[in-house]
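Now, the feature entries from TrEMBL:
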REGION    B:1-20  region 'Disordered'
DOMAIN    B:20-201  domain 'Nitrile hydratase alpha/Thiocyanate hydrolase gamma'
BINDING   B:Cys112, B:Cys115, B:Ser116, B:Cys117  Fe(3+) binding site
Amino acid sequence: MDGAHDMGGVAWSGPVRPEPNEPVFHAEWERRAFAITLAMAMPGGWNIDMSRFARENRPPEDYLSKSYYQIWLAGLERLMLERGLVAADEIETGKPLHPAKPVARTLSRDAVAAMLHRGGPTEREAKGPARFAIGDRVRTRMIHPPTHTRLPRYVRGHIGTVEMLHGVHVFPDSNSLGQENPQWLYTVTFDGRELWGPDGDASVKTSVDAWESYLEPA
Amino acid sequence: MTSHDHDHHHHDHDHSELSETQLRVRALETILTEKGYVDPAALDLLIETYETKVGPRNGARVVARAWSDPAFRARLLKDATQAIAELGYAGRQGEHLVAVENTPRLHNMVVCTLCSCYPWPVLGLPPVWYKSAPYRSKAVKDPRGVLADFGFELPAGTDIRVWDSTAEIRYLVLPMRPAGAEGWSEERLADLVTRDSMIGTGLPKQPHEVA
């Protein structure tokens, strides 16, 4: 979706402000929100693209006024509400008011290290050859799906060059709707002036990782 | 609304919302614990892992080894996922890792314009600026402006390569080894490697800064 999360190239007032000696978390609630979000994926059964969509699918003023972990929290609440794991009145009152929904799995302390070590690899077996080869010129499609996508607006409709081939990976646009539909994944590189016109920096090249259906021959 | 009004409003808003959020998260944890969905001891361990075990020191060890061992450097550039596994690093948000090497002619910088993708096993959790709107918007359009925000400028004639992490591929910048640290152990070399030098928004420290 063309949401406020898709920030590449948006004119923004103010510089990047690094914080010296920044702590990993800035408040106790950030620690807990982070950990609850990681742990709830197991009983919740959602995947990373469902999580991303639950975070980004909100009005720009909402997305932009929340801090990072507030967005995580809002996304988590939405995912749990959608699946009936918690009810709106429980979120509202902060109290458990209804019986728990049976869940297949939960994350125990003993399972944490293995869960993190395993991660969630997205590469899948190739069922056919890749359409494009390294060095090919490709154009990204001009798409504006109302659902989740990982093709940023600033590269849509532009010509780039295939620089890397990463194998076949789960396709986020469909995975956010529950279908993996794996596709070949490429790194596609664009010249600065192709993306930003005559004001672009010709000494800069920028790439995105793009699934095959985002691309057509140029 | 004037910018002053806005700032003022925003400040109050943040202040009250912080404590409100604190209470909200505490209540949520209680609900989820009572329903049997989460185990607070598992939450403690997740937090402890990313506060004390998984952080940029891991990446610094990878870079220091690449600086010391040409065969490891070659393996890292060929298949970074396998190479970091030699040091025991793997998993979540680093399942498919690619290392990109800085040279005197080319400087690499990593961003995630869509969210906050970042190579956790080697760098830990991303800093706030990496997830912020200014970085995510500016890194792909004006990377030299970003470097200026970080207080440095590349030598003339250095091209920039920006990697937008739009898939589950994660990128680690292999910075150039500073001169003057010849004969240093991997352990000492790792002290030169800053987090930002592995994102591409900084350079390694100079040997005299840590000696």
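Including glycine, each Cβ sits where the backbone N, Cα and C put it.
Feature annotations (TrEMBL) mapped to structure.
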residue	record	Cβ within 10 Å
B:Cys112	Fe(3+) binding site	23
B:Cys115	Fe(3+) binding site	22
B:Ser116	Fe(3+) binding site	21
B:Cys117	Fe(3+) binding site	25
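In sequence order, B:Leu114, B:Tyr118, B:Pro126, B:Lys131, B:Ser165 are the residues of the same chain, not among B:Cys112, B:Cys115, B:Ser116, B:Cys117, whose CB sits within 8 A of the CB centroid for the Fe(3+) site.
With a threshold of 8 Å between Cβ atoms, the binding-site residues B:Cys112, B:Cys115, B:Ser116, B:Cys117 that neighbour chain A are B:Cys115, B:Ser116. B:Cys117 (Fe(3+) binding site) falls outside any helix or strand according to DSSP and counts as coil.
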